[in-house]
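Visitor: Attaching a single structure in structure tokens format; questions to follow.
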Amino acid sequence: MEFSVKSGSPEKQRSACIVVGVFEPRRLSPIAEQLDKISDGYISALLRRGELEGKPGQTLLLHHVPNVLSERILLIGCGKERELDERQYKQVIQKTINTLNDTGSMEAVCFLTELHVKGRNNYWKVRQAVETAKETLYSFDQLKTNKSEPRRPLRKMVFNVPTRRELTSGERAILHGLAIAAGIKAAKDLGNMPPNICNAAYLASQARQLADSYSKNVITRVIGEQQMKELGMHSYLAVGQGSQNESLMSVIEYKGNASEDARPIVLVGKGLTFDSGGISIKPSEGMDEMKYDMCGAAAVYGVMRMVAELQLPINVIGVLAGCENMPGGRAYRPGDVLTTMSGQTVEVLNTDAEGRLVLCDVLTYVERFEPEAVIDVATLTGACVIALGHHITGLMANHNPLAHELIAASEQSGDRAWRLPLGDEYQEQLESNFADMANIGGRPGGAITAGCFLSRFTRKYNWAHLDIAGTAWRSGKAKGATGRPVALLAQFLLNRAGFNGEE
């Protein structure tokens, strides 16, 4: 689908369709008022007859409106004008895309980007419109034999901006929006792929393909079990012992700043391509969704794709920590004591708390890059789902400025996170009689104690942890990966690169 921006009057648009908003109760938006004036009150007369109230999601498609060059006008309800916030704006865009697609409009000029959204500028409105449009049109049908396609799918969308001054920021918004949307799609595709296809080797192949596509400044190295053993990554290796699929760690290095002083930002993604729970096996109900336990790695892959596509002037390293947690004769057990790459020992009390055992060794491994900051992304704890539900990602950090940056990026992008504490009191729950620490700390504050566990391996750099257990996928009828927190991390890196979306 093609996107562009222009600045022009609605009555002069030669297009298959013009999209304008109507507020509740039956109040025309400024652009709709212009069209109504040109058409001698044609639109307001329809509203007076009760054809459209302006409630969110309502639509009315008009054909051959007098004195308007466009073939059709799509009126879309935007709710009450004062209540139009970012969430409602995205819903309106989503409804617009679905309606245009369902009614066979192959192209349209959208004036919704001229609506006032509280606290948001032109760049944000255009970028979010692009991201929302791509999200709305997403489907995962690679493995279906019968693929359904719209009769005449929407191919071109033009976003109108108030004046020519906004064209540059609008074009930049489209560029950024498309790159972020492509990263989200890549993350969703990886997450939705079944575990018999998407194993650690598959993750590694995707990482290698990324380097092939952006060979100018992307290098991928894949570290297998033998090399991990030589590095002393015994905790990581233990988790994958029960699986016939080899554990593989894929390291994607993007260099956008050649300066010797430019330290990288490192992103670490948990890549459990299937988590049965191991010997501490999970209940069978819902276990199919444990293919989503690699959504952290999928998100990191999507972000690296976005960074490479935009050629950001920063250095970023993405690590996909791929493995599979299965029961078996070689599987690790409750009661085992593991020696991590850092030299610290861990008593395993539950083999289903495996993500932290993989991540702790990767967090030690990345010390060699002397990072500016390290952010790990993981579907780590069910406790985070209980704490924050399915709408907000959990955030923990050992560095306040980094945490504040991530919270700001989450607000800018609409991919929200909430900070949880990392207090010494919680560390006490990880005490073990037989090792330096246990891998679980009991039910109270489970998301926090998981973060506390990881914090013991991050003392040499600024670090943040994103627990996406509640936000990485949806269940039920809408089952599928969400691609979060690609948008959050993309905004964080855009801000670091100097593109903060301010006009």
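Start at 1 and count along the chain as shown; that gives each residue its number.
A Cβ is built for glycine as well, from the same backbone N, Cα and C atoms used for every other residue.
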Visitor: Among E347, E354, E367, which residue does Swiss-Prot annotate as binding Mn(2+) 2 together with K270, D275, D293?
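Guide: Swiss-Prot names E354 for this Mn(2+) 2 site.
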Visitor: Sort out the sequence-distant neighbours of D352 (Mn(2+) 1 binding site) for me: same chain, 6+ apart, CB within less than 8 Å of its CB, listed by position.
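Guide: Listed in sequence order: D275, G277, G278, S280, I281, K282, N325.
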Visitor: Distance check, please: Cα of D293 (Mn(2+) 2 binding site) against Cα of R356 (active site), rounded to an integer number of angstrom.
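Guide: Distance (Cα to Cα, whole Å): 12 Å.
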Visitor: Excluding D275, D352, E354, which residues of the same chain place their Cβ within 8 Å of the centroid of the Cβ atoms of the recorded Mn(2+) 1 site?
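Guide: My list of surrounding residues reads V239, L272, S276, G277, G278, S280, K282, D293, N325, T351, A353, G355.
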Visitor: Let me spell it out: for each of the recorded positions (K270, K282, R356), count the other Cβ atoms within 10 Å of that residue's Cβ, using every protein chain shown. Which one has the most?
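Guide: The most densely surrounded of these recorded positions is K270.
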Visitor: List the residues in the vicinity of the Mn(2+) 2 site, defined as same-chain residues other than K270, D275, D293, E354 with C-beta within 8 angstroms of the site's C-beta centre.
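Guide: Along the chain, the qualifying residues are V239, G271, L272, M290, M294, N325, G355, V358, A378, T379.
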Visitor: Would you mind pulling the DSSP three-state label for E354 (Mn(2+) 2 binding site)?
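Guide: DSSP call for E354 (Mn(2+) 2 binding site): coil, neither helix nor strand.
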